[in-house]
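Record features (TrEMBL):
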type	residues	note
TRANSMEM	20-45	transmembrane segment
DOMAIN	24-454	domain 'Major facilitator superfamily (MFS) profile'
TRANSMEM	65-85	transmembrane segment
TRANSMEM	97-117	transmembrane segment
TRANSMEM	123-141	transmembrane segment
TRANSMEM	162-187	transmembrane segment
TRANSMEM	199-218	transmembrane segment
TRANSMEM	335-354	transmembrane segment
TRANSMEM	366-389	transmembrane segment
TRANSMEM	401-420	transmembrane segment
TRANSMEM	432-449	transmembrane segment
């Protein structure tokens, strides 16, 4: 046991990977499943919304600004959601605020599908955008909370894989949205689009409330994370009791040790000590934004869904699985640098010959392969590691807040990306080369990050202070109080 580390935290670090970890992974991961479904589903139904409310003489004319707003409004809500709910997670507890974000997601998913207005028509889109903004706020809050919860439950040997598995549920959320979209579109295929398009898009959006509703019950049955309970709430007895029950380990509470931690420098987010210890880390994690691109309307919906589902199966999910398999072997920083590098190579191969080569129909399958490679290395790279690293490198009392700050800047990058692609569709190579520049910046800032593989969270964040030799001996002796016994 590391000198100065509490026994309950040591027990978490050295616990074998067991059913409890997999249960926590699924419960925390269902939040990301819901997030991905809600973000992805809107891209499948935008054309149906346009068919219903922007049909002019048999043709759909959605103003570019309206289309961008429908796609990006949830991302806009995610930014304040990550900041506010991340901060509340440190102030009021991960469990309590995670429940609040789930309730918000359930309500706003249902409200999005029930968006109506007295003036039927384009006002419905405004109401939809209102509820999608608040849905995005709930989704944004889920990001720092789910990642923090899993990092604080995990053992140190497989912590990276467990957090990556939670994030990988996004891939299954994308896949679920595709399946629901195709089923709904197929069900209405032979109906009159003018009268049934309005039902189809509402059903798809409202279905996002189902996984969040199922998750809420099980999440509320899980105890608060021991690291929050002991390091932030300073309740050693409750932390020891909760983890003794969960891990089948007899752990004695350490009230005096917790009091000693309280007497140590409890620096705040805006203090000089935080800036000295973690300022570079916060800068590096927040300046790694991910740039994203969000006849019969039901047939068009099926065609779009097929493309997105194929990308999820061939690029997104394999990238997640590769990270789960290798993140605790080769490390977070190496995977992030590899991802940025290979994304740059793939994008350059797309951008350089774009007009002369990739615009020809005969090359569409080769283009799909290159694009799939970009998606693979985004997920076997910065898309996943930028979720893992902020959940590990900051102290427990600021972990959720700092993760929210880092994630909020990532969402700002996504917003910029959506508008960049919407308004530069005639200059694709130039936009792609801009992405390469973002990747290069990402590599440079990655070099500022510490490697966290195989270390305890307290060691990474500097919460274990250097001690005298006698205290080292006392710490070693205290391991005797952690005994694995049936409970």
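Yeah, the Cβs are placed from backbone N, Cα and C, and that goes for glycine too.
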## Note on the structure
Other same-chain positions with a Cβ less than 8 Å from the transmembrane segment (65-85) and lying at least 6 residues past its termini are 38-39, 42-43, 46, 49-50, 54, 97, 100-101, 125, 128-129, 132-145, 294, 403-405, 407-408, 411-412, 414-415, 418-419, 422-423
#### Entry: Cβ-Cβ under 8 Å with the transmembrane segment (366-389): same-chain residues at least 6 beyond its ends
143, 147, 151, 160, 163-164, 167-168, 171, 285, 288, 290, 310-311, 314-316, 318-320, 322-323, 326-327, 332-333, 335-336, 338-340, 342-343, 346-347, 349-350, 358, 406-407, 410, 442, 446, 449, 452
### Message
Given a Cβ distance threshold of under 8 angstroms, which distant residues of the chain, six or more beyond its ends, lie next to the transmembrane segment (97-117)?
### Response
31, 34, 38, 81, 85, 88-89, 123-124, 126-128, 130-132, 134-135, 137-139, 141-142, 145-146, 149, 201-209, 212-213, 215-216, 219-220
### Query
Mean pLDDT, the domain 'Major facilitator superfamily (MFS) profile' (24-454)?
83
